[in-house]
Amino acid sequence: MADPYQNNVYHQGGGDPYGTYGEGGDQEGYGYQGESYPQEEDAASDATEGHDDEDQMYEGEYQGIPHPDEVKAAQRAARAKARQAQAGATELEELAEQYEDIMEDCGHGRFQWSLFIVLGLALMADGVECFVVGFVLPSAEKDMCLSNGEKGMLGLIVFLGMMVGAFIWGGMADKLGRRKCLIWALTINCVFAFLSSFAQGYGFFLFFRLISGIGIGGSVPIVYSYFSEFLQMDKRGEHLSWLCMFWMVGGIYASFTAWGIIPHYGWGFSMGTEFQFHSWRVFVLVCALPAITSLVGLMFMPESPRFLLENAKHDEAWMILKNVHDTNWRAKGQPEKVFQVTHIKAPKTQEDEFIEIQSATGTAMQRWAVRTLTLCKLVLKNVASLLGPELRLSTLFMAIIWFTMAFSYYGLGVWFPDMIKYLQQEEYESKVKVFHRERVERFHFNFSLENQIHREGEYINDKFINIQMKSVKFEDSLFEDCYFEDIESTETIFENCTIRSTVFYNTDLYEERFIDCRLENTTFLHNKKGCHLDIDEENDVLIYLVSFLGSLAVLPGNIISALFMEKIGRVKIIGLSMLISAGCTFFLFLSFSQAAIIAWQCLFCGVSVAAWNGIEVITVELYPASKRATAFGVLNALCKLAAILGTSIFASFVGVTKVVPILLSCTALVCGGLVALKLPETREKILQ
């Protein structure tokens, strides 16, 4: 057989701004070799020995069912006819048509499934990142002595980092390459997630989580753009929806590992009093494993050939497409199938020439500065082009849909667990024991005190040694000649009390715990440093269970949306799912117990995931290859902004009213669902 590489030398001639492969002859548009591909007489592969194509008959031919290859050939012929009818078709549209034909010839097989796993792990890492801080916050709060303001900032900093990362990495992926940017993004995430697990101070921990968020923020826009460019049209919607399932797996993984690791407070070590490595830090390390695994897998994956063709890197693109073709057909037991593409038309853009010219001059620092400045200008130009005449309306509609969906989803995602905590706290406080005007003299307290209020009591010459105080309040009480030693307390305060001649030795009862109290001849010796974790209170298994069930409830919705994405269409799935999700939140008015909240959360997550799948698929399909990751990055950044607003607004109404959060989420989802129905259907659209 003739060597297929000998005819694939890149040529560029005349005034033609497009490079072509091989001796294209008079063929127009596509460079496929026909059945007369040159073969030497005795060059048949061993795999074909004993097989006669004429003797084989397609199984469905007896029933009048056309062979899949015949269906594809008919579809290709119809597209070619439509292209001839459109005399004004641009070169990029011709490239899109040709690329679709190439992907159909490459088939869907081992290569796509390998890439599916690798990119799925990157998406899983994004899902894990959204849960990490929420799970470690109760423990980190005690380890780092965080105030309410600091806790709130730590909860929002991850979304802020992901918002910045989505914008930056999405724009860069359209200029530097999907694979390269994803590798850099995951590397940054892994490094700074590792550093954050060892950070002892709040400032360093906050900074490391911010940079970690910036890194992982690039995974969503790049992953979907990257994977879609290896899929043919009839597989795209379904397999992108299956890919979405990894985000759910990330939530399950985070919930399960948090449940298994964080409550084991002894899983760690310490070096003196200054360096503590408790179980929640082990959990932070474990959460980096999906990103690390994906990073290793990406080392064996190629760049997107569609990106390479858009940037005039024809040789690399051809080799990758040939490798995809050969990998899939070898796995299917047909290694004799030959990759028959002989030339591909693709533009060499002026932007790339500009970078090449500038990077060839000056010192290394000057070249780096020029290249960076040029890259920034190109990214911003690409972002601005999303508001151009052709894309303005689509971008506006998608921005509304992304924002309303994220505002409701992330807002309710915080509100549901917070409301469960609030209901638990209400139930706990309803069981409080009140002691009024008790007088205790010369008594040794050697048992723990919990959920108690002591009013106008008198404690004379008493000892409180080696006990825990949890949710204990002393009001208008007198302590005289008392002794406190080895006390661990949680939410314990002394208000308007008189404390005379009393010693506090090795306790965590700091002076801040004494509100409007009179301290007379009172001594504090060897107070405990730092904050101390109370296992029973902070690591409530129900919170892990709620997050686990919410993530698991996504599974049915994900399966259904994947199976029906091509049959129903993206637009209907998005619109109907958002409207049904709005109904789920409205039904919270009917029942508001802990069990009801968990049930409605599971139903909401199960329905809303179908909308998310449709949104992500249609975002990929609405934008051309040169703007796909940029558009996805901008919209995903807007999504994270909505998440910040939603979580902040919804959390402020916990314990105040349930009406406002429910009405806000309902209104946002209904508006987004109605706007979604105005989008163009893209399920039979070739990826531009």
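Keep in mind that glycine also has a Cβ here, set from the backbone N, Cα and C atoms.
Curation plays no part in TrEMBL annotations; they are all automatic predictions.
Copied over from TrEMBL, here are the features:
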REGION    1-53  region 'Disordered'
COMPBIAS  1-10  compositional bias 'Polar residues'
COMPBIAS  12-32  compositional bias 'Gly residues'
TRANSMEM  113-140  transmembrane segment
DOMAIN    115-683  domain 'Major facilitator superfamily (MFS) profile'
TRANSMEM  152-169  transmembrane segment
TRANSMEM  181-199  transmembrane segment
TRANSMEM  205-227  transmembrane segment
TRANSMEM  239-262  transmembrane segment
TRANSMEM  282-301  transmembrane segment
TRANSMEM  396-416  transmembrane segment
TRANSMEM  542-564  transmembrane segment
TRANSMEM  571-592  transmembrane segment
TRANSMEM  598-620  transmembrane segment
TRANSMEM  632-653  transmembrane segment
TRANSMEM  659-677  transmembrane segment
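Proximity of distant same-chain residues to the transmembrane segment (282-301), defined by a Cβ-Cβ separation under 8 Å and at least 6 residues beyond the stretch ends, is recorded for 114-115, 117-119, 121-122, 124-125, 128-129, 132, 135-136, 179, 182-183, 186-187, 189-190, 193-194, 196-197, 216, 250, 253-254, 257-258, 261-262, 267-268. At the 8 Å Cβ threshold, with sequence separation of at least 6, the transmembrane segment (181-199) comes into contact with the transmembrane segment (113-140) through 3 or more pairs. Only sequence-distant pairs (6 or more apart) were considered; of these, at least three Cβ pairs between the transmembrane segment (396-416) and the transmembrane segment (571-592) are under 8 A, so the stretches are in contact. Tertiary proximity for the transmembrane segment (659-677) is limited to same-chain residues at least six positions away from its ends with a CB under 8 Å from its CB atoms, namely 397, 400-401, 403-405, 407-408, 411-412, 415, 571-572, 574-579, 581-582, 585-586, 588-589, 611, 614, 649-650, 653. Between the transmembrane segment (152-169) and the transmembrane segment (632-653) there are at least 3 Cβ pairs closer than 8 Å, counting only pairs 6 or more residues apart in sequence, which means the two stretches are in contact. With a cut-off of 8 Å between Cβ atoms, the residues of this chain six or more beyond the transmembrane segment (542-564) that come close are 131, 134-135, 238, 241-242, 244-245, 248, 251-252, 254-256, 258-259, 413, 416-417, 420-421, 424, 573, 577, 598, 601-603, 605-610, 613-614.
The stretch with the most CB contacts under 8 Å to the transmembrane segment (239-262), chosen from 113-140, 205-227, 571-592, 632-653, is 113-140. Outside the transmembrane segment (598-620) by six or more residues, the chain places 220, 224-225, 228, 236-237, 240-241, 244, 248, 398, 401-402, 405, 408-409, 412, 416, 420, 546, 549-558, 560-562, 565, 570-571, 573-574, 577-578, 580-581, 584-585, 587-588, 628, 631-632, 635, 673, 676, 679, 682, 687 with a CB less than 8 A from a CB of the stretch.
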